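Engineer: One structure, as structure tokens, below. Some questions next.
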Amino acid sequence: MKLVVGLGNPGRKYDQTRHNIGFMVADALVRRYVGSPPTTKFEGEISECRIENEKVLVLCPQTYMNASGQSVRKAMDFYKLSPEDILVICDDLNLETGRVRLRRSGSAGGQKGLVDIIRHLGSEQWARLKIGIGRPPAKWQVSDYVLGKFDKTELEEMEHAIVHSCDATACWVADGVTEAMNRYNAASGT
């Protein structure tokens, strides 16, 4: 069993915002693999699907980005999962818009949702799939930028990034993090 966590903020006002790209990928993954309708559990919405005969739980914490760790910890404890069974999908300001990068482990890189997950799990040893949203224009506050909606051009780039992220996630489930990194990090570029 694997746990895929899409990070974002709950509520319609955050739909299609840069910070919610993790939710967008999670939703696309559940649609692609005909997952179960989401149920409310672990302070999040969780669906179940099968990828390459592996049971995959797809969790979207409803605690807001900065408190995502408590939801992830509850799901991990309930299903008795190890950090190697988890993939967290989130936005990254330090990657160009639409670029996808999978990592085996590492620091939060300033991403507040990842910071909270590291705090709750007591470890950085879990995979993360980061999707570039680029840097804010001059004079923009970072918070306004990440909570802002994608413009039309960005949304087109994100549609490709979402497909690429779903492919990379399926490879991670079926073939492991090393194979997924080798196959999808090189192919990502915009």
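Placed from the backbone N, Cα and C atoms, the Cβ positions cover glycine too.
Annotations per Swiss-Prot:
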- N9: site 'Discriminates between blocked and unblocked aminoacyl-tRNA' (SITE)
- Y14, Y64, N66: tRNA binding site (BINDING)
- H19: active site, proton acceptor (ACT_SITE)
- D91: site 'Stabilizes the basic form of H active site to accept a proton' (SITE)
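Could you give the neighbours, burial and distances for every feature on this list?
Structural biologist: Counting every protein chain shown, 22 other Cβ atoms lie within 10 Å of the Cβ of N9 (site 'Discriminates between blocked and unblocked aminoacyl-tRNA'). Secondary structure at N9 (site 'Discriminates between blocked and unblocked aminoacyl-tRNA'), as computed by DSSP, is coil.
Note: Y64 (tRNA binding site) has non-local neighbours N9, P10, i.e. same-chain residues 6+ apart with C-beta under 8 A of its own C-beta.
The 10 Å shell around the Cβ of H19 (active site, proton acceptor) contains 24 further Cβ atoms across the protein chains shown. For the recorded site, H19 (active site, proton acceptor), the DSSP three-state label reads helix.
All protein chains included, D91 (site 'Stabilizes the basic form of H active site to accept a proton') registers 23 other Cβ atoms within 10 Å of its own Cβ.
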